[in-house]
Amino acid sequence: MAGILEFAPAIVLLPFLSFLIALGAGRYMPKGGALAGIGATAGSFVLAVATFFAVSGGQTYNQTIYTWAEGLDAVNLTFGLLIDPLSAMMLVIVTLIAFLVHVFSLGYMNDEGETGLPRYYAALGLFSASMLGFVVSDNLLMAFMFFELVGLCSYLLIGFWFRQDGPPSAAKKAFLVTRFGDYFFLIGVVAVFATFGSAAFAGPDAFPVLAEEALHGEHSVNTFLGMGEEAWFTVVGLLVLGGVVGKSAQFPLHTWLPDAMEGPTPVSALIHAATMVAAGVYLVARMYGFYALTPTTLAIIALIGGFTALFAATMGVVKKEIKQVLAYSTISQYGYMMLGLGAGGYVAATFHLMTHAFFKALLFLGAGSVIIAMHHNENMWDMGGLKDKMPVTYYAFLSGSLALAGIVPFAGFWSKDEVLYETLIHGLGGSPILLAAYAMGLLAVFFTGFYTFRMVFLTFHGEPRTETARNPHGVRWNVKAPLAVLGVLAATAGFVNMVPVEKLLGIKGIDFLHQFLDGSFSSLNAHHYAEILPYSSSYIGGEATTVAIGAGVSLGLALAGAALAYVLYNVPEPVEHTEKLGSIKTVLYNNYYQDEYQVWIATSVVQPISRVLDKFDQGIVDGVVNGISSVSLFAGSRMKRIQTGVVSNYAALLTLGLTALLLGLGLIGGWFA
Amino acid sequence: MVPGQYYLVLSAAVFCIGIFGLLTRKNALLFLMSVELMLNAANINLVAFSYYWGNVTGQTFGLFTMALAAAEVAVGIGIILVLYRNFDGVDVTKATTMRW
């Protein structure tokens, strides 16, 4: 196993190679380049697993691969690889899901006779490669570049069906909204360079370490705007957080994600589970050593997370289309991860990132399978009774739904419960803001349980409501196999970190993820983060009692939500119950008018300002430039008249010039004095 | 021996005659001759200073200049020939097509 980490760059390069192959030779290959992508992601997956085991064995890798700009003042811009437990875990998740999505695409794209497959597989390969590059980045600038590449690929894939009206518009929206956050991220990257002179995540000059030393007065850094160190670090942290909020679809930049459902369903699975949306949360986890130093930033992260979790969950309740429900559940679940990170639950949030990747990929692929069966009709009110027609999809989807709703013992329960538990104990330890965020997160559990099972019952239970649902289109092995793999993972992935069981029954050593994330670099492990966090813990009764109460309450709420859905929708002929919501229904259908107010900001605030700036640009800046040009043109039109074409005139001018020169020199030289 | 100033006065005189010819004549051949005069005025200066300082470098340059002048005349006469063919004469004020 020695030296396996030397092959880590290949994990990134293999999908990139498949991108080149699919782009260049995809049209000559069978399956439109799919086999290259499947082979490449399978290879990456094998390497990622090997890397994972090497990292479990205590190996790490932190190497600069290429310096692409030598700095004069010791700031070098580099590409490098950082393999530590966090990135190793993420590599396994991303490569596994990318591989399964490629396989699933055979069923969803090839078998359905789509055109433009080489373009599809090329973009899919580049998407995987960029995300993997982002995961292994060893500095913030490289992370930013791959972050942008991820955004570009999502644009390409969401707008894959560019001949229709919806997808290109959704792709543009996704690109612009995430780009809005990325502006702040870019400024944050520059600020990190200006402050610390380095943007490395690990190593002797890692910026989180420098920041920590600066706060202890052991090291001096440049701060700006006359701020103290902590205030300035908060500003930098919030700037970088802008990119995170955009990519991870947190309030208020979440509006792009539901629209992104216009893309092909396997792409939605990839975007939501492993690549694009996960990038934001992963970035916070990556530089957690920096965020943990500033309590204000953490509180803001926790509040955004808790609020988004609840906010998105309520919108998911009324949606009619299966993918829309999943889209809002994604926003909500990433809200939990942000809540976990903000509340000091680094391991909990990472754990939720992992379990969510599995069950959300599963749910999207399951939805894809249903959509194939329904001849691309996504409206759940046209489905019903699919349980008996497509049992593999049903049981896999059910496993994912139980995980999403957080029902014990499926994966989502363990991770969501740990996030909420960490928030609760740190909130009780003297942070009322965390308690508020906890309340929102807890309430969201109920809504999650409700909308998840509403979706399951409407889709699979009851009587078929349309002809298509009575005779669904069959799906093949290439759809069922990924579903089966993820179905098992969604049911079992939670067992890697059974903290509640450990705390309640006192069985030591079954929190494998905690132990795993405690390995490696001393400045990057969970233990170190726990030390620098500004939170203290407090319990209701004892530790075990708190665990039991927390888990009991969240499980109870999830079950209550599921039970309500069961009562309302698990009937042979379900009807809409949204009328009972009264006026709230309109608000929910319109997604709290988020799109409307953002359009209002654009047209009523930004546009007038732009108009004034345009006036300035057109009038003053362009005026100066145009003035200079008209002066030159006028002078030229006068001066050109001496070009008469008569040689004698030129000779006369030359002679006059010579005489004038001689006279001038004579005057200066004093010949006539 | 002849004082150095005399050579310079001669050179200046020859140069001015050349300029005068250049400014007053229209015939291209006379133009060429005037230019030759000016060139030789410069040559006289070279030789005179060379003699004055007792350094033969200037005289060598004078020889080079004469050789160059011969080559230049060949080019000049060639140009005049083309002028004659295109404008039916050697009047330089007639050839005014290269103007704004």
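For all residues, glycine too, the Cβ spot is worked out from N, Cα and C.
Record features, source TrEMBL:
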type     : residues  : note
DOMAIN   : A:68-121  : domain 'NADH-Ubiquinone oxidoreductase (complex I) chain 5 N-terminal'
DOMAIN   : A:137-423 : domain 'NADH:quinone oxidoreductase/Mrp antiporter transmembrane'
TRANSMEM : A:6-26    : transmembrane segment
TRANSMEM : A:86-108  : transmembrane segment
TRANSMEM : A:120-137 : transmembrane segment
TRANSMEM : A:143-162 : transmembrane segment
TRANSMEM : A:231-249 : transmembrane segment
TRANSMEM : A:270-291 : transmembrane segment
TRANSMEM : A:297-318 : transmembrane segment
TRANSMEM : A:325-347 : transmembrane segment
TRANSMEM : A:353-373 : transmembrane segment
TRANSMEM : A:394-415 : transmembrane segment
TRANSMEM : A:481-499 : transmembrane segment
TRANSMEM : A:647-672 : transmembrane segment
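Just going by CB pairs under 8 A, the stretch in A:6-26, A:86-108, A:120-137 that sits most against the transmembrane segment (A:481-499) is A:86-108. With pairs at least 6 apart in sequence, the transmembrane segment (A:270-291) and the transmembrane segment (A:353-373) have 3 or more Cβ pairs within the 8 Å limit; the two touch. Residues 32-33, 36-37, 39-41, 43-44, 47-48, 50-51, 61, 65, 81, 83, 91, 95, 98, 117-119, 121-126, 128-129, 132-133, 136 of the same chain, all 6+ positions outside the transmembrane segment (A:6-26), place their C-beta atoms under 8 angstroms from a C-beta of that stretch.
Helix, strand and coil content of the domain 'NADH-Ubiquinone oxidoreductase (complex I) chain 5 N-terminal' (A:68-121), in residues and according to DSSP, is 31 helix, 9 strand, 14 coil.
Averaged over the domain 'NADH-Ubiquinone oxidoreductase (complex I) chain 5 N-terminal' (A:68-121), the predicted model has a pLDDT of 84.
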